[in-house]
Structure formats: structure tokens, C-alpha cells
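Feature annotations, reproduced from Swiss-Prot:
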{"type": "ACT_SITE", "residues": "Tyr24", "note": "active site, proton acceptor"}
{"type": "ACT_SITE", "residues": "His101", "note": "active site, proton donor"}
{"type": "BINDING", "residues": "Asn75, His81, Asp88, Leu102, Ser103, Arg112", "note": "substrate binding site"}
{"type": "SITE", "residues": "Arg19", "note": "site 'Transition state stabilizer'"}
Amino acid sequence: MTRTVLVLNGPNLNLLGTREPQTYGRRTLGEIADECAAFAETRGFAVDFRQTNQEGQLLDWIHQARGRVAGIVINPAAWTHTSVALRDALAAVELPVVEVHLSNVHQREAFRHHSYVSPVALGVICGFGSLGYRLALEHFAERFEAAA
């Protein structure tokens, strides 16, 4: 089995560190990517960390993941609440998925309370800032160790 986890990030996450830091924190997406890579390396696997503001690009990356990665960590951002296509793509590739959100979406506007992704994810981590990514990767580290 491949020991790579695809970490996908949706729209506006390229603005982390400057966009609403009181909600999303001060870490940049580049810093989060570096932290994810360093954590994965200590646990013996790799991450492929990506971000896009184009929904079609995100869907293409998900489709290409089948047979190439062991699982997906995804912060779908606003597409969480709007994209049936994203939900369908994640279901179609039949990979384990962990959904991550920096903020606690359930403490925010009502429209953020619904996720199209959650029904096809193994779990959801929200409200812990950038730590959520590491927690999601910890899940995959434990899967790899159990399979060894």
C-alpha cells in the first residue's frame, strides 16, 4: 500500500494568515503544509499537500488519487456546504477521507452547519485550528502502523 496521504484545501485557504485571523488563525497555508510534511516524515509516510480556488481542479485531483494515495485529508472550505460534486467525487474514489476545518463551523452561521462531505468521511475535525490537520494525519499514521 502507498504511504502517501493527499491533503486538499479549498477556496480562499491560500489567504490564511491574513484573512480573518481571529477565525482562521495566523498560520499561513505554507506553514501548515510544512508542519504536515514534518509530522508525516516522523511517522514514516508522505503528504501531497495542495490548494485550489477552482472546484474542477479539486475534483480532478480527487479522481487522480484512486490507486495513488492511501487516503485524503480535505479542508473543503466553502465547498463543504455547497458541492454535491465534491461529495460524489470523494465517494467514487473509495478512499478513506478525513474532513478538517480550522474553525468550529457549528459555532458560526447556520449555513455552515451542513456538510456534503461529512457523510462520506470517516470523521470530521473542526475548531482546533491548524492542529486539526495533524490530528487527521495521526489517524492515517495509526492506520499505517496497524497494517504493518
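Yeah, the Cβs are placed from backbone N, Cα and C, and that goes for glycine too.
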C-beta crowding around Leu102 (substrate binding site), within 10 angstroms: 24
Binding-site residues (Asn75, Ser103), the one with most neighbouring Cβ atoms at 10 Å: Asn75
DSSP three-state assignment (helix, strand or coil) for Ser103 (substrate binding site): coil
Fewest other C-beta atoms within 10 angstroms, as judged across Arg19, His81, His101, which are the recorded positions: Arg19
DSSP state at Arg19 (site 'Transition state stabilizer'), helix/strand/coil: coil
Among Arg19, Asn75, His81, Asp88, which are recorded as recorded positions, the nearest neighbour of the residue listed as 'active site, proton donor' by Cα: Asn75
Mapped DSSP class for Asn75 (substrate binding site), helix or strand or coil: strand
Distance from Arg19 (site 'Transition state stabilizer') back to His81 (substrate binding site), taken between C-alpha atoms, in Å: 19
Packing count at Asp88 (substrate binding site) (other Cβ atoms within 10 Å of its Cβ): 13
